[in-house]
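Features as listed in TrEMBL:
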- H123, T124, K261, N270, R279: substrate binding site (BINDING)
- H153, H198, H253: divalent metal cation binding site (BINDING)
Amino acid sequence: MSGAERRPVIAVTSGEPAGIGPDICLALVGDDWPVRVVVLGDRGLIESRARQLGRSTEGLDIIHVPLRAPCTPGRLAPANAPYVLDILDRALAGCQSNEFAAMVTAPVHKGVINDAGIPFTGHTEYLAEKTGTPRVVMMLAGGGLRVALATTHLALKDVPAAITREELATTLRIVDADLRVKFGIPRPRILVAGLNPHAGEGGHLGREEIDTIAPVIEALRAEGLDLVGPLPADTLFTRRVLEGSHAQVAMYHDQGLAVLKYVAFADGVNITLGLPVLRTSVDHGTALDLAGTGKADPGSLFAAVGMAAEIVARG
Ligand SMILES: NC(=O)C1=CN([C@@H]2O[C@H](COP(=O)(O)OP(=O)(O)OC[C@H]3O[C@@H](n4cnc5c(N)ncnc54)[C@H](O)[C@@H]3O)[C@@H](O)[C@H]2O)C=CC1
Ligand SMILES: NCC(=O)COP(=O)(O)O
C-alpha cells in the first residue's frame, strides 16, 4: 500500500450539477492535501465541465455517481434532484462504514429538489434525519468568528415558537461539546444573542429573552458552561464584545450568517455539529450565474476540506 493510500479519505460531494459545485471541485486537482480527496459525482459531467473551463481532471479521484438526466450549466433540472441525493447518500454510507473519514459538501439547490417533489430543507436537516440524530447545529466559521444557529431553515414568522427552552439548551450543549471535541477548546466561551432588538429592552420589545433565553443560560451556567447573554445582536459582533469568545450563537439564520458572510464569504466553512459523522461544507450556494464560467471562487471549498482534514488529524 502506498503512502498516499494510507491517508484518511475525505469525500467531496459535487452537489447541484447545474451549479458551481463541479467547477470548484476541479480546483482541488493537484493540491497537496494531508488527506486523500475523492470527488463524488458523474464522471462525464465533471470531465465535460473541465473541458469547458480549460482544466484537467488528471489526478482527480472521482467516484462515479451517474446523472439522472442531461445537464446544462446554469439550468436547473428537477430530474437530477435524485442524483444530488444519490451523491449525498453515497458519501454518508462511506462515512458510516469508515471508508471516508469525513464528507465535504459542495452546494445543492434546495428549491429544485423540492420542485422535484422531494421535501428537502438542507444538508444539515437531511443528514440529521438520515443518521437518526434528533438535533444537530449549523455553525459557520470564518474571519475569526464561529457563528452557530439556534434555528436554521425556517420562515422568520416561525422562529420565535421554535426557540423553546429545551431546544435552546440542546443547541448550546452541542456547541459547547463540539468546540471541545472537534476544535480542541477546553472551556469554550459562547456568546448568546437575544431574539429581539436590544435583547427585548427589558420586556418592552418582546419577552423571549426573559421567558426563554436568559433562564436557559442561567441553568447551563450552573452546569459549568461559559455562556454570556442574552446579548443585543446588533452589538454582539463588535470587536470589544467578541473579545475572548470562541463562538457566537444567533437565534436565526440571517441574524448570524449575514455577519459571517460579510467578513468571510471567500473562505467561510459550514460545519454540522452534533452529527455522528464529520461534515463540513462551503458557505455559499449554487451560484447558477457562474457555473461553467470559470469565475467561481473555490476558496470556501478549500477551507472546508482544510477544516475537515484538521479535525480528522485531531482524532
Ligand atoms: N451548502 C449549500 O448547499 C448551500 C446551498 N444554498 C442554495 O444555493 C441556492 C442559491 O442561493 P443564493 O442565495 O442565490 O446564494 P449563492 O451563494 O448561490 O449566490 C449569492 C451570490 O454570491 C455569488 N457566489 C456564490 N458563490 C460564489 C463563489 N464560490 N465564487 C464567487 N461568487 C459566488 C453568486 O454568483 C451570487 O451573486 C439556493 O437554492 C440555496 O438554498 C445556499 C447556501 C448554501
Ligand atoms: N445558509 C446556509 C445553508 O443554506 C447551508 O445549508 P445546508 O445545506 O448546509 O444545510
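Here the Cβ of each residue, glycine as well, is placed from N, Cα and C on the backbone.
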Do any of the binding-site residues H123, T124, N270, R279 touch ligand 2, in the sense that the CB is under 6 Å from one of its atoms?
H123, T124, N270
H153 (divalent metal cation binding site): secondary structure state under DSSP, collapsed to three categories:
coil
Integer Cα-Cα distance in angstrom, H198 (divalent metal cation binding site) to K261 (substrate binding site):
22
Mind telling me which of the binding-site residues T124, N270 has the densest Cβ neighbourhood, counting other Cβ atoms within 10 Å?
N270
Here are some binding-site residues: H153, K261. Which one has the most Cβ atoms within 10 Å of its Cβ?
K261
Within the chain of H123 (substrate binding site), which residues six or more apart in sequence place their C-beta under 8 angstroms from its C-beta?
L88, T105, V108, T272, R279, S281
DSSP secondary structure for K261 (substrate binding site), reduced to helix/strand/coil, please.
helix
